[in-house]
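**Student:** Annotated active site, charge relay system per Swiss-Prot: K78, S158, in sequence order, evidence recorded as sequence analysis. Among the features that Swiss-Prot reports, active site, acyl-ester intermediate is placed at S182.
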Amino acid sequence: MSDLNKLGLAEARDLLRKGDTTSVELTEACLKAIDGADALNAFVHKTPDVALDRAKAADARIAEGDAPAMCGLPIGMKDLFCTKGVDSQAASNILKGFKPEYESTVSQKLQDAGAVMLGKLNMDEFAMGSSNETSAYGNAISPWRREGDETPLTPGGSSGGSAAAVAADLCLAATGTDTGGSIRQPAAFTGTVGIKPTYGRCSRWGIVAFASSLDQAGPMTKNVRDAAIMLEAMCGHDAKDSTSVDLAVPNFEAMLTGDIKGKKIGIPREYRMDGMPAEIAKLWDEGAAMLKAAGAEIVDISLPHTKYALPAYYVIAPAEASSNLARYDGVRYGHRATLAQGDGITEMYEKTRAEGFGHEVQRRVMVGTYVLSAGFYDAYYNRARKVRTLIKKDFEDVFAAGVDAILTPATPSAAFGLGEMNDEDPVKMYLNDVFTVTVNLAGLPGISVPTGVDTQGLPLGLQLIGRPWDEGDLLNTAYALEQAAGFVAKPAQWW
């Protein structure tokens with residue numbers, strides 16, 4: 001069977017169980033696709049030997065009849081996850097050559113479930129970015145192009161390599177992480193599905209930290225069913241992460257009935273921003289109409305503190321980043337600068353960080369250090385934390401009033417061209433996160449579902465936000481939206 005790499009997780013799982021294909025065949029198809037897609041710069045560390053060894057082991061396990069759902073399925077791993085003996089550098093020069101001695105909990109769970117790791121995926125450096133342009137590996141490039149235009153487009157960020165790889169059928173699915181929208185925005189830009197689960201649902205242990213109170217891992221897949229299958233394998237309690245919650249993990253796939261009759265879907269009026277492109281507003285209205293036609297009740301809701309979310313996020317996230325990134329000092333691991341005669345420890349720190357950190361990371365570390373400094377701690381950091389509490393309360397009030405899920409746009413536009421925002425004020429790039437950061441600040445689950453295309457043929461996504469710990473219900477609502485939207489567009493192969 002040709003084109004095995006074009007399958008989704010559920011389809012491939014069913015073929016494996018029937019004996020119609022093998023994990024080795026699936027893996028070889030993906031490895032061939034990866035080797036033919038260097039122009040996308042999605043896979044930055046290829047691990048064909050690891051992949052084929054795991055595929056052979058998975059085939060043996062399937063033959064014995066004790067295989068979990070993910071067994072034998074080839075996936076990509078975002079470079080933010082530590083993978084034992086395999087380069088894990090968070091797309092930063094400061095971690096060049098770093099091969100961890102341990103495996104992150106999420107990647108270990110996937111490995112234990114029999115998933116096959118094809119390699120590590122490009123991303124924004126330390127997950128700081130919305131376009132995959134801050135990577136030490138160079139830009140990841142979207143497989144999508146505007147109709148009649150060869151301008152290379154961003155796959156989004158920070159999980160840009162994951163989104164590009166899934167959209168281009170280089171793997172069946174991929175892991176991502178989401179601190180302010182880094183799963184959902186790239187998914188929307190590439191016509192894929194991305195879910196950020198409730199904060200604490202997936203362990204953060206072994207994931208290189210950006211902002212510890214916001215970071216959360218999740219799957220990036222070709223459809224909602226695949227997201228349900230992969231999320232179940234990724235989450236679960238981990239004693240090594242103090243924020244990991246000890247809750248039973250439901251069978252998310254079994255909850256996908258598509259029945260949303262009587263569900264209350266909230267439409268937040270504050271998300272209708274000035275200058276919102278007509279295409280995004282129209283898509284949002286169409287999405288609400290689709291859910292209504294499926295039997296849901298659409299209600300107008302208010303999230304009054306929404307306008308403060310972006311500034312609060314861009315105080316809290318850099319503050320936590322400046323603390324987390326203090327560990328990269330050239331002493332224990334990663335890059336160490338060459339020192340001049342007479343240089344001491346201070347010069348080693350300065351030179352190592354100047355050489356190792358890219359501009360955006362340096363900017364965020366500086367902002368974070370500033371807002372945590374003695375004179376500004378109360379004015380910025382403490383105030384942002386108070387705003388965060390109010391944003392969380394807004395959502396709690398809406399859910400307490402009986403709303404089951406909230407529908408919003410995922411992004412303020414379709415994918416933009418690489419370099420298009422480079423000369424701009426960085427705040428313009430930060431505005432890409434305007435619809436997604438509230439979900440991280442409130443610790444809620446959010447999913448991006450491809451729902452349509454713009455006038456130039458580029459994919460557009462809508463976001464659904466769910467109650468905490470209710471990913472099953474959220475996935476089912478997303479499944480109903482996916483069925484109604486009937487999105488099947490794929491990028492035309494140019495690479």
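Even glycines carry a Cβ here, placed using N, Cα and C.
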**Student:** Starting from the Cβ of S158 (active site, charge relay system), draw a 10 Å sphere and report how many other Cβ atoms land inside it.
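**Tutor:** For S158 (active site, charge relay system), the 10 Å Cβ neighbour count is 35.
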**Student:** Among the active-site residues listed here (K78, S182), identify the one with the smallest other-Cβ count within 10 Å.
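**Tutor:** With the active-site residues K78, S182, fewest surrounding Cβ atoms within 10 Å: K78.
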**Student:** Please report the distance from the Cα of K78 (active site, charge relay system) to the Cα of S158 (active site, charge relay system), rounded to the nearest angstrom.
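**Tutor:** Cα to Cα, K78 (active site, charge relay system) and S158 (active site, charge relay system) are separated by 10 Å.
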**Student:** Secondary structure at the residue listed as 'active site, acyl-ester intermediate' (DSSP, helix/strand/coil)?
**Tutor:** coil
